[in-house]
Amino acid sequence: MWGGSKLSSSGSRFLGALRSGFQSTQVDSSRLTTSAVYPKNQLSWILQIKPWVFNENRIMWFKSYSITFACLNWMKSYRLPWTRPYSTSRTTVDRNEVKTFLALAHRWWDEQGVYAPLHSMNDLRVPFIRDNLLRTVATHQPGKPLSGMKILDVGCGGGLLTEPLGRLGASVIGIDPVDENIKTAQHHKSFDPVLDKRIEYRTCSLEEIVKDTVETFDAVVASEVVEHVIDLETFIQCCFQVLKPDGSLFITTINKTQLSYALGIVFSEQIAGIVPKGTHTWEKFVSPEKLESILESNGLSVQTVVGMLYNPFSGYWHWSENTSLNYAAHALKSSLQEQPAPAEFALKGEAEELQAEASTNSGTHTRVSMLLLTWKTQCCCCC
């Protein structure tokens, strides 16, 4: 966390010791020349060392040479955790994150292990998804309220959320870029013949299935996922494309606050060990305001944002008005708007209507002629 200050102080102590070491030697000042050189993009100190007597008891002779310390660029390359940028591309998968979850793939269904908070989170997120989806349907089957719905669970891991949604009657596709996670999920669902028919797992990323699943799903679920992707804008765009019109997007994630850094990373990962070290990167956390802005700009209308709090002592989650740590969001895909007709076709349509009226009203003949002439002129220009 404080690596930047340690590096800076270490560099200062090193340079200070170097200066004091040279000053402590009984050297003729004419033999030691220190000069500062400032290239275009780099600050350097060059020490010209001439042969001299190092101390009174032992003589050490040095040939002339130069020592260069390039400090400025090195210090600029290091930033505090909340300012260090992370690279983005058209893929949403962070390969470093894949390695982290690969090492934990066999522990998904250990309810007392590292994924215990995700197991208990189902007490909130499953009803949150179910109740909001039921608002979009007139009737539902008792015991299978989500029957007939197709849901995509992105970053499904070992299937902790996929299976409860399947038990509610939905047809669920769970995707994850970590092959070992998918193997764990497939193995676990194989013990339930009903789930085996309702759930399908695939090893892939979201962007890899967009072309084959455009407007396929009634809902997309990304629970504890967006804080692990490297291109959130692309991720949201893909969610929009695979959703049906008026489809729902459900997201649970971590807010980007100083409190979330202190509790979500320092306490949870480094002190209490609730979450394995390296699971989260604070730079990737996203505030509800920023998430809403991205959603709205990509055709998704935010319906609900509500805070979630985890009690590490009881192991339970509860809803809260405070969104400074975890929160859940529900957004709807806007219905497709009717595309406006090109100008030339609009002019042609108006001209044809007026031409029909011209048979009964000779006063419109001139206007009809002008409109037809304008339409033909525009068509010629377009060609």
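Glycine residues also receive a Cβ, built from the backbone N, Cα and C atoms like all the rest.
Database features, via TrEMBL:
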BINDING   Arg125, Gly155, Asp176, Ser223  S-adenosyl-L-methionine binding site
BINDING   Glu224, Glu227, His228  Mg(2+) binding site
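A 10 Å radius around the C-alpha of Glu224 (Mg(2+) binding site) takes in these binding-site residues out of Arg125, Gly155, Asp176, in sequence order: Gly155. Of all Cβ atoms in the protein chains displayed, 21 besides its own lie within 10 Å of the Cβ of Glu224 (Mg(2+) binding site).
In this entry, Arg125, Gly155, Asp176, Ser223 make up the residues listed for S-adenosyl-L-methionine, with the farthest two CA atoms of the set 19 Å from each other. Counting neighbouring Cβ atoms within 10 Å of each of the binding-site residues (Asp176, Glu227), the lowest count belongs to Glu227. Other residues of the same chain near the Mg(2+) site, with their Cβ within 8 Å of the Cβ centroid of Glu224, Glu227, His228, are Gly155, Val225, Val226, Val229, Thr253, Ile254, His280, Lys284. Note: the CA-CA distance between Glu227 (Mg(2+) binding site) and Gly155 (S-adenosyl-L-methionine binding site) rounds to 11 Å.
Non-local contacts of Arg125 (S-adenosyl-L-methionine binding site) by the CB criterion (under 8 A, 6+ apart in sequence, same chain) comprise Leu161, Ser223, Phe250, Thr252, Ala328. A distance of 12 Å separates the Cα atom of Asp176 (S-adenosyl-L-methionine binding site) from that of His228 (Mg(2+) binding site).
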